[in-house]
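These come from TrEMBL:
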TRANSMEM  25-48  transmembrane segment
DOMAIN    41-287  domain 'G-protein coupled receptors family 1 profile'
TRANSMEM  60-82  transmembrane segment
TRANSMEM  102-120  transmembrane segment
TRANSMEM  141-166  transmembrane segment
TRANSMEM  204-225  transmembrane segment
TRANSMEM  237-258  transmembrane segment
TRANSMEM  270-289  transmembrane segment
Amino acid sequence: MDGDNQTVVSEFVLLGLSNSKNLQVLLFLIFLLLYLLIMSGNIVIQILITTDPHLHSPMYFLLANLSFVDMLLSSNTTPRMIIDFFRENKTISFAGCMTQIFFSHCIASGEVVLLALMAYDRYVAICKPLHYFTIMNLKRCTGLVLTSWTIGFLHGISHVVVLLQLPFCGPNKIDSFFCDMPLVIKLACMDSQDLNTLMNGECGILAVTCFILLLISYTYILITVHQNSKTGASKALSTCTAHITVVMIFFLPCFFIYVFPLNITWLDKFLAVFYSVITPLLNPVIYTLRNKEMKNAMKRFIGKFLRAKGNS
């Protein structure tokens, strides 16, 4: 297309989840409730870990960071989706779209790395228990978390840099509730198939690498558990079950969106909702209901609150 006839796109139109007015009201109520639960559940986890001395350990330090990342992941897309249910003109500026893509990939890739680090933490705790607090000291844990954020930042900024080089000359409708890289690349005025494959490949390399590291960690854990007593095995497996559950819930949608895209619109929307809304909601539930120490910390916190209220 000639540059003289080319119109620069200044905004994109988000088609959302549904065109039905009645359904949009129902979806508004559902997602508003889910978002409030996500924020409150993850805030509770962070308060418990911060205030309870029994939870001042490497595992819970990483869990507090995971909880914070989940809040950011959901907040990047969910509030706008909720507001858009009552907007006739669901537009987002070009800069706003690029910003949303950056944070989506920065936060999600950071969480992928963080989940791998949490698996490494469990590996050290179960396979090298005598050296656990030496290896996973506060300085190292802080460095590992910063590493996850650095990888996330580089991953996110690399996508935005590529997108800013593309020509957008007219098509601006995105069939989703937020700006996502594959959908935006399709709107570029060029043959974008190879580029889309390349960008998905970059996402796939990060996801598959972290997933392989997860598998290695849990394989060593299972071997160690198998060699130990039944009591130790039961406790170790109980500790790891929550981590494995969270990993599967987060990784499966990401694999089918970026690594092995199915290109089925309704399924892509469902998977996007799942990893941006359902996963951040399930994480606090999984970690509190399946974790005895978290449940005890909750009881202690409620007890302190009731005593403080009684004294006042």
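Cβ atoms are placed via backbone N, Cα and C, with glycine included.
Same-chain neighbours of the transmembrane segment (102-120): 59, 62-63, 65-66, 69-70, 72-73, 76-77, 144-145, 147-149, 151-153, 155-157, 159-160, 178-181, 203, 206-207, 210, 213-214, 217-218, 243, 246-247, 250-251, 254, 275, counting only residues six or more beyond its ends whose CB sits under 8 Å from a CB of the stretch. Cβ atoms under 8 Å from those of the transmembrane segment (237-258) belong to residues 66, 108, 111-112, 115, 118-119, 122, 125-126, 180, 182, 200, 203-204, 207, 211, 214, 218, 221, 225, 267-268, 271-272, 274-275, 278-279, 282-283, 286-287, 290-291 of the same chain, restricted to positions at least 6 beyond its ends. The transmembrane segment (25-48) and the transmembrane segment (270-289) are in contact, since at least 3 Cβ pairs between them lie under 8 Å (pairs 6 or more apart in sequence).
Across all of the domain 'G-protein coupled receptors family 1 profile' (41-287), the predicted model scores a mean pLDDT of 86.
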